[in-house]
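Feature annotations, courtesy of TrEMBL:
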BINDING   F:ASN56, F:HIS61, F:GLU66  oxalate binding site
BINDING   F:HIS59, F:HIS61, F:GLU66, F:HIS107  Mn(2+) binding site
DOMAIN    F:11-161  domain 'Cupin type-1'
6 protein chains.
Amino acid sequence: MNVQADDFFFSGLNIMGNTSNAVGSKVTPVTVAQLPGLNTLGISMVRIDYAPWGINPPHTHPRATEILTVLEGSLQVGFVTSNPENRLISKVLQKGDMFVFPVGLVHFQRNVGHRNAVAIAALSSQNPGVITIANAVFGSNPPIAADLLAKAFQVKTSVVDQLQSKF
Amino acid sequence: MNVQADDFFFSGLNIMGNTSNAVGSKVTPVTVAQLPGLNTLGISMVRIDYAPWGINPPHTHPRATEILTVLEGSLQVGFVTSNPENRLISKVLQKGDMFVFPVGLVHFQRNVGHRNAVAIAALSSQNPGVITIANAVFGSNPPIAADLLAKAFQVKTSVVDQLQSKF
Amino acid sequence: MNVQADDFFFSGLNIMGNTSNAVGSKVTPVTVAQLPGLNTLGISMVRIDYAPWGINPPHTHPRATEILTVLEGSLQVGFVTSNPENRLISKVLQKGDMFVFPVGLVHFQRNVGHRNAVAIAALSSQNPGVITIANAVFGSNPPIAADLLAKAFQVKTSVVDQLQSKF
Amino acid sequence: MNVQADDFFFSGLNIMGNTSNAVGSKVTPVTVAQLPGLNTLGISMVRIDYAPWGINPPHTHPRATEILTVLEGSLQVGFVTSNPENRLISKVLQKGDMFVFPVGLVHFQRNVGHRNAVAIAALSSQNPGVITIANAVFGSNPPIAADLLAKAFQVKTSVVDQLQSKF
Amino acid sequence: MNVQADDFFFSGLNIMGNTSNAVGSKVTPVTVAQLPGLNTLGISMVRIDYAPWGINPPHTHPRATEILTVLEGSLQVGFVTSNPENRLISKVLQKGDMFVFPVGLVHFQRNVGHRNAVAIAALSSQNPGVITIANAVFGSNPPIAADLLAKAFQVKTSVVDQLQSKF
Amino acid sequence: MNVQADDFFFSGLNIMGNTSNAVGSKVTPVTVAQLPGLNTLGISMVRIDYAPWGINPPHTHPRATEILTVLEGSLQVGFVTSNPENRLISKVLQKGDMFVFPVGLVHFQRNVGHRNAVAIAALSSQNPGVITIANAVFGSNPPIAADLLAKAFQVKTSVVDQLQSKF
């Protein structure tokens, strides 16, 4: 009723994200949390910056499919199909290439070039959620029991301890 | 089951569209028609090129909300709310700015600069549809009766004839 | 919990609408705004009255399909398919005939008889919305820039000024 | 793609249904089975004729809400809320009155006048389904075991036998 | 945001329901009313206990499909398809057997053994609703008019009076 | 139309799954692949067996919420909320206790007792999908590049090699 243009507006997707972190990438999300006019409308967008060889680590979106297009650089992208096949569907993308990550599947991107890369992606929910596998599994608060994870990943507890110590 | 990476891949969104036409803009769509892996996934993407002062004329998407981000140039964008208010919600966007066009509403963009502009937009359907108002109303095949349109737009039939002769 | 029969009741759809206006028709809507019990239930109804040769001008419903049945008189009805075909799908209806207008498409009706016509239509949303093309495009508040519309409709700005002056 | 006007057209809703039957009413449905263009569009319509004191017996639509408007005559209408309240929400409707029957609830209409009544109703599915309680419970093929129904309705088996013999 | 484990937890589905009632069965529901964490998530569960020869009488769920599995005992189960077929689809289930009752259809279970039976069922809504046919039709508050029901079930009003007196 | 009772029937959920495997658990699914009558109905069920101290390792369902009830034994269950909190929401369940795992979130169960445990769970899709994190991330075919995973999990490549060698 009393909507204003600013309810449907967001600024700053041209600004390069800070990739000085452990994975060498930065996601700048524009979801209903940043852009209230998206409420109930079933869509959102993100900018992703990648340092050379930086990765957007394996993650899922519990409520959205993602479509990504490369603005700058070269990205290896992939997703893994669900049980029992666990097939890796992967491709190296150049500027102007696009790829789809179906709802809920584990997927990732990696900058496979010596210069920065940039992508724009859209998601089929105004509130898609992000689950970074490493953080959810080895970095939860409180932690998942180390012996449970040791059995899940079929390694010694000391390996799990090492993994959990990073997050 | 037997999906391949190419089912989820599309190439060429970096290629500038040919804007040498009456409206000075070109939409390059990537929907389920171009990218079969989008089937049932509820999302698609488009690139839009604008010559200086070019427009993406008033249109609707019957099955999708749109979120747009400006890659290059300056765009005036707007949508009109439904009856009875018919409020124009409008904004001038610069590089990196985003705007939302809610499902089914009449909206447009115009390049308000002396150089080319480029936008990337995403839509909340793999098959959003496009209805360009001028083409649907004055350029349908066969045409809508001129006297009906004259009454609808409250002008003489000769004005409608003139409008219909363009499409 | 404490619902009453009156929450699901509406009265007056037998009353002829006043068609003394520029288009010679009147829509009497019964949506969730008039009948609160429709909330979340995905349906609504309207009565439409048409003076002789009156029209329900080209419009869309952004969130609903419409199914219409003629109670009295003869109506020419039609909708236009989306780009790139823009095919006009049209029919003359007599009393007891029905027609479907798929979600989001531009459609219209015209009384093609010398006496009043009446139709009942149902829509697949409790809040379907109505966008009258002429009002949204040439009658918004504030107006869409005349030179933008001149380019969209490929006419001189003076023609657009004339169109905008009517709304 | 190759749709024709007739795919969206149905004729004959002005024809009075034959109410010479045990309940004194006749429903003329226009669903996707009669009107193929309704496919996936989420709406349908019916005409209902009622002889004096005729009833549309208690029934449910497993996949649709119904909105009904009275064209001629007077109808008592009602629906029953779900467990544990089982409240009867009821009203007498005159010409031009409307009533809503929420999805899946048991509802009915009765002509409470000495002349024929007619209603038009719309349903929020192209394939709403109809379950007439008496037929489903006492007239299924093969029949539900009489002792089971006797326990359900807390009557002697002979009463169930009597009920089952009617269908 | 501030969710706690107890928001997603419910206790007591191991407790046998009290089947000392007219139908010899007891449903223990776990829907959003009992387990708030189910809100918007589209699923719920119930435990059903049956005394020997007890029944879960004919009923519908207006907003859910049900899938049932037998934990103990033998159950005859069935549902009736919608008009015009009204086919009874029925089966005797043993421990470990499962059956599906599609959304909105009339269905029932009966313990066909000399000892208690137990089933667990899941429903495709956090708020599925239950309409027990006997209670809705013959036990509503206020009652449906006896002569209307007499016509619907094609029996004398005295039979309806008898049926209504039980609820 | 020609459905039979067997289309809605499945047998064998009483049979204990074979838990002689690396994780000490076995999931027996009943989805549309096993029970065709579930098609389009939005629900499925599974039985899960757990050897003493066996686990159902961290996994997600890309298209379903899960509700689980313990039939025998004691289970520690948990899910991790999405970024940025990654909170572990966890509980120890006894016989008759229930827990909800919201759509798409990483979750697990562990038998925390010296005897076998059994659970029944329902999922809000006829085709929920399962992504076992360890298999998808470290056991895909072909494998995800070890150096990418090393960066994602912040460990040496030799640790990733060790993890990948298990699957």
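The backbone N, Cα and C atoms fix where each Cβ goes, glycine too.
TrEMBL entries are annotated by machine, without manual review.
Structure coloured by features recorded in TrEMBL.
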residue : record               : contacts (Cβ under 8 Å, 6+ apart)
F:ASN56 : oxalate binding site : F:VAL23, F:SER25, F:VAL27, F:ILE48, F:TYR50, F:PHE108, F:GLN109, F:ARG110
F:HIS59 : Mn(2+) binding site  : F:VAL106, F:HIS107, F:PHE108, F:VAL130, F:ILE131, F:THR132, F:ILE133
F:HIS61 : oxalate binding site : F:PHE101, F:VAL103, F:GLY104, F:LEU123, F:SER125, F:PRO128, F:GLY129, F:VAL130, F:ILE131
F:GLU66 : oxalate binding site : F:VAL100, F:PHE101, F:HIS107, F:ALA121, F:ALA122, F:LEU123, F:SER124, F:PRO128
Can you list the residues of the same chain, besides F:ASN56, F:HIS61, F:GLU66, whose Cβ falls within 8 Å of the oxalate site's Cβ centroid?
F:VAL46, F:HIS59, F:THR60, F:ALA64, F:LEU68, F:PHE101, F:HIS107, F:ALA121, F:LEU123, F:PRO128, F:VAL130
Within the same chain, and leaving aside F:HIS59, F:HIS61, F:GLU66, F:HIS107, name every residue whose CB is within 8 angstroms of the centroid of the CB atoms belonging to the recorded Mn(2+) site, in sequence order.
F:THR60, F:ALA64, F:PHE79, F:PHE101, F:LEU105, F:VAL106, F:LEU123, F:VAL130
DSSP three-state call for F:HIS61 (oxalate binding site): helix, strand or coil?
coil
C-beta crowding around F:HIS107 (Mn(2+) binding site), within 10 angstroms:
23
Segment-level pLDDT (mean, integer) for the domain 'Cupin type-1' (F:11-161):
97
